[in-house]
Amino acid sequence: MSSILDELDWRGLIAQSTDRDALAAELAAGPMTLYSGFDPTAPSLHAGHLVPLLTLRRFQQAGHRPIVLAGGATGMIGDPRDTGERTLQTADTVADWADRIRGQLERFVEFDESPTGAIVENNLSWTGALSTIEFLRDVGKYFSVNVMLDRDTVRRRLEGEGISYTEFSYMLLQANDYVQLRKRHGCALQIGGSDQWGNIVAGVRLVRQKLGDTVHAMTTPLVTDSEGKKFGKSTGGGNLWLDPEMTTPYAWYQYFINTADADVVNYLRWFTFLEAGELGELEEATRDRPHQRTAQRRLARELTTLVHGEDATRSVEHASQALFGRGELAALDEPTLAAALREASVAELTPSGPDLITDLLVATGLSASKGAARRTIAEGGVSVNNVKIDSDEWTPQASDFLHGRWLVLRRGKRNIAGVQRVR
């Protein structure tokens, strides 16, 4: 069973760990229980959470038992950031977010009655019952303020606007989670992003001091692209959310299909379960035939199916093909069509608004001016609903609107925009 570490190594998924030999020996001795925690600081998890989530799944597939911990308590405090205090949410809001995130967590690991069946916990169940006196005596007594002040994030905050005691104490709450999971489930390994190393190691020490047990810590790398930009940010700069109401399956798919050649093979290693042989073939295809974007299509398909399911992936792929003239637009359901167009640009068309094709091209941003629009039409570079427009006097008829209110405009091969008729 220790081969899980070899698997993680070749995928580049181990950033730091405590005693590697001891961890390997314990993994080889039999099934291990491990956990990773996820704080409900928003209504949904985002793409940045995928690495630790999928690492839990890899351990489960290797015969170990994962615990997914929803941070109903720690989410009310917030891990210190480099700049600024977090806005404290109400208990009801955090509880609602924790329930939503718990549902998302359950998609990534298998829950059954087997020895490797996953467990879901919420740290509010033990932290909420902890009195101030108990917290200070049973947890705080084991922590040196000098060590806590030496954390990079804390040090940067102290050099700036300072840090509240609330956020300063976050490390203690997370460390106590490890103690509780060790006592309840025999948990012996915590995994998380490399920015959590200090908190995780604090838990390892607290388990040793309070229970006399040796447990382990391992972190995964924080994912950036080849230009050093943070992974999982949408084109608008916001997070790429797992909740389809916050990031549509179409937007999710498009993010991954637009992955740079320099990043796609690494992303396939980190975010999919493809074997080395197939990854090698995709790496070769990217090197020798980059214009085909074979690896990007596989990445987008794998991750959309993982997060949203096979039906959503099929709908998204049909939408992508139809938008770019390789499928039937009328066959798309309206939610999929609307979501796809909103990832491009949508202009509204009112009953009194100008509806000449040149006006629509300018309104959607596909042309800089009516003159430019006329030139593009004359060159045969404009289509509406995948039908080429030959006249700059063209106006839409009622029958042209998909689902009674949508037009799909395209300039050239890849520039797409939408027009939405409003009444």
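Here the Cβ of each residue, glycine as well, is placed from N, Cα and C on the backbone.
Features as listed in Swiss-Prot:
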{"type": "BINDING", "residues": "Y35, Y170, Q174", "note": "L-tyrosine binding site"}
{"type": "BINDING", "residues": "K233", "note": "ATP binding site"}
{"type": "DOMAIN", "residues": "355-412", "note": "domain 'S4 RNA-binding'"}
{"type": "MOTIF", "residues": "40-49", "note": "motif ''HIGH' region'"}
{"type": "MOTIF", "residues": "230-234", "note": "motif ''KMSKS' region'"}
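Under the DSSP three-state reduction, Y170 (L-tyrosine binding site) is assigned to helix. Per-class residue totals from DSSP over the domain 'S4 RNA-binding' (355-412), listed helix then strand then coil: 19 helix, 12 strand, 27 coil. Counting only same-chain residues 6+ beyond the ends of the motif ''HIGH' region' (40-49), those with a CB under 8 A from a CB of the stretch are 70-72, 75, 78, 86, 89, 94, 96-98, 100-101, 104-105, 193, 222-223, 230-232, 239-243, 246, 255. Of all the binding-site residues listed here (Y35, Y170), it is Y170 whose C-beta has the fewest other C-beta atoms within 10 angstroms. Under DSSP, Y35 (L-tyrosine binding site) is assigned to a strand (E or B) in the three-state scheme.
Here the Cβ of Q174 (L-tyrosine binding site) has 27 other Cβ atoms within 10 Å, regardless of which shown protein chain they belong to. The motif ''KMSKS' region' (230-234) scores a mean pLDDT of 67 in the predicted structure. For the motif ''HIGH' region' (40-49), the DSSP counts in helix, strand and coil order read 3 helix, 1 strand, 6 coil.
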